[in-house]
Amino acid sequence: SGTMAVATVNLRAVTSWVGIARLFAVVLSCLAFSLVASTGNFSGSYGTWCMFTWCFCFTMTLLVLLLELLELYPKLPLSWDDFTSAFSMLAALMVFTTSVVFPSIFISSPCSSSTCARQAVATTASCLCFLAYALEVGLTRAKPGDISSFLSTVPGLLKVFEAYVACLIFSLLDTYGSEAGLQWCVAVYSICFVVTLLIIIFTIGRCLTYIPCPLEKMLVGYNALALVMYITATILWPLYSFNGRTRPDHCGRNCSWDKHLGVTFLTIFNLIAYLVDLVYSTRMVFIRAP
């Protein structure tokens, strides 16, 4: 006789602090994209990005909640803790960016119309949504000495940050001409992004165990190399981008000078991230906690 599969319900998925943070994130992201959709004012690349962020985070968080509630996640061929840690970090970064970009582009002063009021409430919901994801990152972060899920450790979370900042850099790259210095910088951003992304994917897919060399020491070596490469980019990018060039008087939204300035700051952010990553990775590998 055939046996019927009985779905078990794990209520801790929605009653634990992590579950409550995820529920808040679902409600707030839904509120944000619903309010903005009701205004009909989200045209252009920035508006599309904001709507995509809220819809993507809403869908993925709801899926995570359902898989944990019905205890279906063990059947997936991936490291669940690594996946949820990486996603919550990515969602926090995406929603934070959106919470800054949306009001600066779409909310005009003075804010008196009903459309503007809905946009303001959507921005508030987005900021609170960021706090919900940040709380989830804090609650699921690995304790010192625990390396059972790499992407929940500080170096693992920094990997997600580094890959995301590289994506922001790519979105601002427009003209880097035929100058060798700028081409080298783009090569640095691309190489480090690809390697970091592969580390994240291989960790989630449980593929790192097949690498025939000491993984932890290899990661420390990569972090050191990436740090050196980013130091060169931090020096060369502003040197070649702004050499003899001042900001134009009429510098609009798509001003190349502003984009180059944005790339400069993002390069510095990633340089700091790789430095902190190297320090933490070195401590985890060579200075074992008792």
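Cβ atoms here come from the backbone N, Cα and C positions, even for glycine.
Keep in mind that this is a model prediction, so the values were computed, not measured.
Taken from TrEMBL, the feature domain 'MARVEL' covers 13-145, 150-286. Among the features that TrEMBL reports, transmembrane segment is placed at 20-37, 49-67, 87-108, 120-139, 181-208, 220-240, 260-280.
Note on the transmembrane segment (87-108): residues 25, 29, 36, 41-42, 44, 46-47, 49-50, 53-54, 56-57, 60-61, 64, 116, 119-120, 122-123, 126-127, 129-130, 133-134, 136-137, 140, 151, 157, 160-161, 164, 168, 253 of its chain, located 6 or more positions outside it, place their CB under 8 angstroms from a CB of the stretch. If one looks beyond the transmembrane segment (260-280) by at least 6 residues along the same chain, the residues whose Cβ comes under 8 Å of a Cβ in the stretch are 153-155, 158-159, 161-162, 165-166, 168-169, 172-173, 185, 189, 192, 220, 223-224, 226-227, 230-231, 233-234, 237-238, 241-242. When pLDDT is averaged over the domain 'MARVEL' (150-286), the result is 88. Here the domain 'MARVEL' (13-145) has, by DSSP, the following mix of helix, strand and coil residues: 109 helix, 0 strand, 24 coil. Sorting each residue of the domain 'MARVEL' (150-286) by its DSSP state yields 108 helix, 0 strand, 29 coil.
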